[in-house]
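I have placed the structure first, in the form of structure tokens, so that the comments after it can refer back to it.
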Amino acid sequence: MNNSNRIRLTWISYLSYALTGALVIVTGIVMGNIAEYFNLPIASMSNTFTFLNAGILISIFLNAWLMEIIPLKRQLVFGFILMLIAIAGLMVGHNLMIFSISMFIFGVVSGITMSIGTFLVTHMYEGRQRGSRLLFTDSFFSMAGMIFPIAAAMLLARHIEWYWVYACIGLLYVGIFVLTLCSEFPVLGHKATDQSKPVVKEKWGVGVLFLAIAALCYILGQLGFIQWVPEYATKTFNMNISQAGQLVSNFWISYMIGMWIFSFILRFFDLQRIVTVLAAMATLAMYLFVSTDNPAYLSYYILALGFVSSAIYTTLITLGSLQTKVSSPKLVNFILTCGTVGTMLTFVVTGPIVANNGVHAALATANGLYLAVFILCLALGFFTKHRSHGHVTH
């Protein structure tokens, strides 16, 4: 693979994560306007966005097998057509069913592109460089999550219809589409096998199970924590909504900075050891946030939490990809799917806890999930195969 083609494929990976970040995080900005557009209460409207998450989950799960059947280039070109259909549906369709279908299509396209983007990085880069590249790729999720809500707010403030926000997000896929047409993609499945060599299926090992459960616990813990921080800050410490929102902003800004810094640092450390240390530090930072009685300390603790936890999820995925000698799209997508299940379970798990025991109990549960991630990462040290496969150098 020549260098210019590798760069194009890497940028497809970057934009795939930016697309998912924009679609998921912009929801909170446009939800009120969409509810008003359909003349529905905002609580009812929020349920329809489940179609977006469902589309992401289903497509990531299925694409573990589809990648070996349908060429990656064809999938991305087809995704562009689906993206146009979904945006057109939002613009010309004026009923809730078409909106829900469009959201599901967005989710499917997002899941397909993100799973392809993740595989491309794990396929093109080896060892610790894979971890740093994947982490930098993941930072585009957060970057889009910061840029597009601001852009959406500007459009809505100028009384431009909400569906133009999704048209703007669609521009990211235009970039993916153009790069796709100019690029050559790795061939997977039976076509990729060397006929002179027998195909040997590698066993994943128990380490993959540990990583998958850790990914689920991490995402469930992170979202279960950050979704309830504003409520906790306003109810427990009598902060106004602006101050509570600033805590959340501090978390994501610190998270993004952490991603950039760790993308350079990770290549110098053994991934299993560094993720164990980071999980321990994140658990401690969250414990300090949840247990403090002084609101002045909350910003410091959440900044620390965002920074040290920024590399955990991507490192879990990277370690998963290193459990086999040849990177497996099924393995990577399995861990991604488990993480996405954590997203889907956020309110299913934390909602009843808040209703019965209060917001503090939900945050304590999130802290317990982070502790579980630490224990799983520690135990992984006895089962991981990344060292025996020679994946500990650049």
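Each Cβ is built from the backbone N, Cα and C atoms, and glycine gets one as well.
According to Swiss-Prot, the protein has these features:
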type	residues	note
TRANSMEM	11-31	transmembrane segment
TRANSMEM	51-71	transmembrane segment
TRANSMEM	76-96	transmembrane segment
TRANSMEM	101-121	transmembrane segment
TRANSMEM	134-154	transmembrane segment
TRANSMEM	162-182	transmembrane segment
TRANSMEM	206-226	transmembrane segment
TRANSMEM	246-266	transmembrane segment
TRANSMEM	274-294	transmembrane segment
TRANSMEM	302-322	transmembrane segment
TRANSMEM	334-354	transmembrane segment
TRANSMEM	363-383	transmembrane segment
Item to complete: Could you name the stretch, out of 51-71, 246-266, 274-294, 334-354, 363-383, with the greatest number of CB pairs under 8 A to the transmembrane segment (302-322)?
Response: 246-266
Worksheet entry | Other parts of the chain folded back onto the transmembrane segment (246-266), taken as Cβ under 8 Å at six or more residues beyond its ends | 128, 131-133, 135-136, 138-139, 142-143, 145-146, 226, 229-230, 233, 239, 274, 298-299, 302-311, 314-315
Fill in: Intrachain neighbours beyond the transmembrane segment (51-71), with Cβ under 8 angstroms and 6 or more residues off its ends
20, 23-24, 27, 100-101, 103-112, 114-116, 119, 185, 187-190, 329-330, 332-334, 336-337, 340-341, 343-344
Worksheet, complete the sentence: Lying 6 or more residues past either end of the transmembrane segment (11-31) yet within Cβ distance under 8 Å of it, the residues of that chain are 42, 45-46, 49, 52-53, 56, 76, 106-107, 109-111, 113-114, 116-118, 120-121, 137-138, 140-145, 147-149, 152-153, 156, 162, 165, 169, 172-173, 175-176, 179-180, 183
Response to the item:
Same-chain residues at least 6 beyond the ends of the transmembrane segment (334-354) with a Cβ under 8 Å from one of its Cβ atoms are 53-54, 56-57, 60-61, 64, 111, 114-115, 118, 208, 211-213, 215-221, 223-224, 227-228, 231, 313, 316-317, 320, 361-362, 365-366
